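Undergrad: My questions all concern the structure below.
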């Protein structure tokens, strides 16, 4: 075994040992750690390696301005040395080390600001793994150790040893053992039931899980017994007596056992995100992705970038090939991005790092600005994190847009994560426009290919102001809908929205590129072709109706009257008119809340549209519109204000239908009388156009 594993067993007669009491809060914390059962004990190694990494960061920083600081040891590394015989695990670093004052203050007599906060968090049910966020990670050593010895050497002081069995006190003495040069050695004397942390496999597993991206080499020292072959020449010494062979014995090579120390670097996967993206191959990204996620498939897309300026961070984001089966489960952690601060892993479930709709993104974010001991509460308030989040979302959307340029790959992406895009449209108002460009739908004209809203807009008819859609359960179901059939007759394309989340999506997505999204199954459907006719009819009817709209409900009738949500029904209007003490002002207001719905598929309405478009000043249109309106009133259960005028219009239509000329002197007196009472028909010189209505 290397010299570092030798614990200090030298005589201590001449060494002065000082004993100190732990500060009250630290003693409480240690008692809590020792006497409470925690299943997640393995985090002790992460914390000690993280501390070593911090110490190495400090000496490296000092050496930038004063290279002589590294004269006491140029190599910056961390060694892990398990010793099964002594039941010790030693963590050695060549970091900045501690002076005697540092030892006394940092490891026992001065409580960190986070000590009390962490104890409160623990008692409230927080996980022990959060210990490092409160700056007291060192004490996690007592999760597995009954005694801890810390030997340290700082450039400005002698070599000292700190030791405690957590009995409320610790000792500090000058260390006369093997000179370290510079750095710190933490020797854990493990509890009898914690020897699993001496196993090579277990140590490798923990380092891979928690510390594989530490910026300094972590080397594991393992003693291996090897069978060493001994040649015949070596085996026989010059003085050996001649060997007498046993009769019948096989010729066998002599073997002897030899104990060797294997050194294996555990974190060869260097922080790939710190390298220049141009120097990294797809294979390297693939290996890193698999080591990060344990996914058996390669990633679908990757985005590697860094942000510099007032804020500095690097990020590496991956899109997996398939969505996890529990993507939208409530109990699932909110994201899969690991947060590092200066190469030290902080957490992998920081909800503030990325919005929920992007929770399928895997990767790492490494910030230079966040403090290492940041807590969840601090993260929630952190302005730095808000800026990081905004940048991550922006880069994710860029990545999806780039992916959309490759139809095949985007199809795979959309099959897996379309729900996330739609959830984003519902939740993320700031990026709604960009997200809407990523949507893909089947339409009544696209066949088996999904198209974007932009594609739909390029195929829109001239003067079409709306994007028409229908929601339903399956493509076949909505394709066979009567609503879709009507629009297809008019040459209009309808988008098929067949996922439940589409309903929530379109609640927020009101328009795309200035075109309003309109459901073909809801009231208020406007066909551009009939917009002009509806406007003309409203102008003619003035206050008689609140609005004129294209109907979704009519099949055989040319038009009908419906009341608005707040207007009176036909029956209610009849009842109110019969009231002796009625309020006439209310009558006029409530009675006016009628909607005239026209059937775009009816020949009367189509011919009327053509008539109005052929000559906007055709006065016969006015009579036809009023006649249609009054007839619709009757068929919808309402009464007429002036039945006689309506009757006169009907008689006039009958005359036209029979081909009777108004100027014919042989016309009967009754007809003449009717004609006198009736207002002159506007535009009656063109009887042929009136006949087109039939």
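Just so it is clear, glycine is given a Cβ too, placed from its N, Cα and C backbone atoms.
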Undergrad: State the residue range annotated as motif 'TPR repeat-binding' by Swiss-Prot; the candidates are 655-664, 685-694.
TA: 685-694
Undergrad: For the candidates 7, 281, I need the one that Swiss-Prot annotates as phosphothreonine.
TA: 7
Undergrad: Residue 429 (phosphoserine): which of the modified residues 452, 560, 603 is the nearest Cα neighbour?
TA: 452
Undergrad: If we count other C-beta atoms within 10 Å, could you say which of the modified residues 429, 452, 603 has the fewest?
TA: 429
Undergrad: What Cα-Cα separation, expressed in whole Å, is found between residue 603 (phosphoserine) and residue 452 (phosphoserine)?
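TA: Cα of residue 603 (phosphoserine) to Cα of residue 452 (phosphoserine) measures 35 Å after rounding.
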Undergrad: Look up residue 560 (S-nitrosocysteine) in the DSSP assignment and reduce it to helix, strand or coil.
TA: strand
Undergrad: Using C-alpha atoms only, work out the spacing between residue 560 (S-nitrosocysteine) and residue 452 (phosphoserine) and round it to an integer in Å.
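TA: Cα of residue 560 (S-nitrosocysteine) to Cα of residue 452 (phosphoserine) measures 37 Å after rounding.
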Undergrad: Using DSSP and collapsing to three states, where does residue 452 (phosphoserine) fall: helix, strand or coil?
TA: coil
